[in-house]
Amino acid sequence: MFFRLIYRNAKRSRQENLIYFATLVTAVASFYMILSLERQDVILYLRDFESMAVDRLFALMPILYGIALFLLFFLVLFANRYQLDRRSKEFGMYLMMGMRQRKLFALLLAEGLLTSLFALTIGTVIGGILAEMISLATSRLIGQGIIDHQPSFSLIAVAYTAVGFLFIQVLALLFLSVQLFNRELQQLLNGQVSKKQALGTTKTNSLTFVAGLIILIVAYYLALRYFWLVNNVMISLSVILGIIGTILLIRGLARLLNSLAMKTKQTQGLRIFTLRQLQENIANRAISVAVSSLLMMLSVMFLAEGAATILSSGDNLNRDSSVYHFTLLGDNKEIEKVLTSAELAPYVDHLNPLTLGYNQTADQVDWSAFRKEIVDHLPEGVVDPQVAEPGVYNISTEIPEMENILGLVDSQIGYLITESGYNRILEASNQPTIQLTDDQVALYVNPTVGHANQPELNQLLVENKDQPLLKLDGQQMRILPNLAMKDLVTDRSITIMAALVVKDTRFQQLVKVENRETYWNFRLPQTLIDRDGLMTPMKEANDLLNDKGFYVESYLQNFGRHLFYVVAGSYTMLYLAFLFLVIGCTVLALQFLTQLKQTKSRYKTLSFLGAKADQMQDSLKKQVASYFLFPLIPAMVSGTVGITAMKTYIRYNADFLPSISNMLPFVLMMVGTFLLVQWGYAWAVYKTATRDIA
């Protein structure tokens, strides 16, 4: 009989309270998704090429797991509190009929565990499907055809999910049971009565609303003004003022609804009743609604951050400036012998022993003529840094292009590249080669530094193509315009900001042998890639080279490192965004339904007074829609301010996003998902509410 009661109650809870059960399923799916990360295709790939970074990431996973556990505990706590409050009269009847508190706790625990098992089963399946979809999507969208897809199901993740979820479920039930048993029997039988709240005067409420609005504006100003300085005091003050302002704004606006209801002349239907119900729901729970708004704001910000990371990943993972698949350093004769051997020759194409040298002193190059032209081409309002702050330069996309070039010139460009070596780079990238005359050099600027295409520099060089712009070792030299900027090596065996490309004979004259370094670059043959794909031959060549004793860097390492940044940033941000959104919506939903339970008698009174069922349902629909919009609007505004502060002032990277046409579909998908979750919760609340008042 006892076990039949447990099963019947658990089944009824699942059927009657969809939000409660859906919340438990969401918690399980969230646990599984974060714990199955190590089985994702991208992570399996990174373990081969960025194992140390991945190990550091997973060393931090217990912290993320703990944060998720903490947040989901409150999610489960809210859900269980609502469920127990709904059944308080039932529990009072059990106690009045002689059931002991210990047995009632055993009943609650057994029901909770049975419901949890159902939630575990469904949540694990949903989490597994979502994890599989994410794994497949990331391997296709940002894997650039390199990463193969493998099933991502993880039994270890299932086990840890079950342990973590059951732990917080039991802990929540234990905590709530203590509160439940501390109530008087009469309180259990009658349920909690809605407390009467002072609504204040119209003048007071208006002042509260205006004060909240002003405080929010001040918080926005502090965020936008001081985030770029990373001023912790001002940032903290901005956060505190933002929280206070949100609470006051929502409380003041909600209480003004009472004044609106008093003054309205439209008495058709249940308009006044709807306004007063909404006012009471929000004004009496302003802090809870404000917390939900803040959680939604964080969700918007993290969603934008994660989306921006993914959207900007294409440029980092598949740069146009990348040319080679491998770069080797070591004994030149041995490297040449290995790369031309029968074992490795099938993997080598466009072999380029690129020789660089550093042998210049300040008096070897006279940049004065070139520098004067650059200063003349500085944008209006930009002062020569050498005059404003001598020796101080910042090079980034935020700084005008010509100011960047000026910084490179003043830093004394000391590297030289042979003409033949750079021409082999151009040939490998299907670009036209250059042919320098005896009085010409070419200026190379690293494509990852500042403005990659350097359009203003090219325009200046075209205008002065016949004019000598510098002196090299005492000889007047012209600078060749329109040089295609490409990566010199595969990854980062050498990172130089700028260099001069000179004729081979001049290179031999200017650079001593001991100041030269040769980087052996090569690509995989295109026929091999077309036949076997990129991943397989690259891994085969990588395995053959690793035991030769040379310094080897491959495109996979370059790709893997950038991919790690994308995964670590986007996955964590999107996961937390989803978590905050679900928690915020759940708090709103359960607060509304709790208030509805306490004011349920009002709908019976309306029915006695002649109100029709469709009128009451229409009133509920308006209440639910307005109740969810109240925190959503400030959350969107605050989230937009937060995104602006982070991107414009902290990151110093205004062009972190690709073109609008490329980003728009993904952004619309993210916004659509955000609003769909909101709508789903609102719809579930409406359906539950209409059933409760029926």
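Just so you know, glycine gets a Cβ as well, placed from its N, Cα and C.
The domain 'ABC3 transporter permease C-terminal' annotation in TrEMBL covers 64-183.
For 18-37 (among others), the entry in TrEMBL reads transmembrane segment. Sequence-distant neighbours of the transmembrane segment (18-37) (same chain, 6+ residues past either end, Cβ-Cβ under 8 Å): 43, 61, 64-65, 68, 72, 75-76, 78-80, 82-83, 115-116, 118-120, 122-124, 126-128, 130-131, 134, 152-154, 156-158, 160-161, 164-165, 168-169, 571, 575, 578-579, 582, 586, 589-590, 593, 681, 684-685, 687-688.
Per TrEMBL, the feature transmembrane segment maps to 57-79 (among others). Within the same chain, residues 19-20, 23-24, 26-27, 30-31, 34-35, 37-38, 160, 164-165, 167-169, 171-172, 175-176, 564, 568, 572, 575, 579-580, 582-583, 586-587, 590 sit at least 6 positions outside the transmembrane segment (57-79) and bring their C-beta atoms closer than 8 Å to a C-beta of that stretch.
Nonlocal intrachain contacts for the transmembrane segment (104-131), taken as residues 6+ away from its ends with a CB within less than 8 angstroms of a stretch CB, comprise 2-3, 5-7, 9-10, 13-14, 21, 24-33, 36, 39-40, 80, 84, 91, 94-95, 152-153, 158, 161-162, 165-166, 169-170, 173, 177, 181. Here TrEMBL flags 104-131 (among others) as transmembrane segment.
Sequence annotations record features per position, and here TrEMBL assigns transmembrane segment to 151-176 (among others).
The transmembrane segment annotation in TrEMBL covers 206-228 (among others).
Among the features that TrEMBL reports, transmembrane segment is placed at 234-254 (among others).
The transmembrane segment feature in TrEMBL is assigned to 286-304 (among others).
Per TrEMBL, the feature transmembrane segment maps to 563-593 (among others).
Same-chain residues lying 6 or more positions outside the transmembrane segment (624-646) and placing a CB less than 8 Å from one of its CB atoms are 216, 220, 223-224, 227, 242, 246, 249-250, 253-254, 278, 281-282, 289-290, 292-294, 296-301, 304-305, 584-585, 588, 592, 678, 681-682, 685-686, 689. Annotation comment: TrEMBL describes 624-646 (among others) as transmembrane segment.
With a cut-off of 8 Å between Cβ atoms, the residues of this chain six or more beyond the transmembrane segment (666-686) that come close are 18-19, 22, 299-300, 303-304, 307, 310-311, 581-582, 585-586, 588-589, 592-593, 620-621, 624-625, 628, 632. Among the features that TrEMBL reports, transmembrane segment is placed at 666-686 (among others).
Counting only same-chain residues 6+ beyond the ends of the transmembrane segment (286-304), those with a CB under 8 A from a CB of the stretch are 242-243, 246-247, 250-251, 254, 573-574, 576-578, 580-581, 583-585, 587-588, 591, 630-632, 634-636, 638-640, 642-643, 646, 670, 674.
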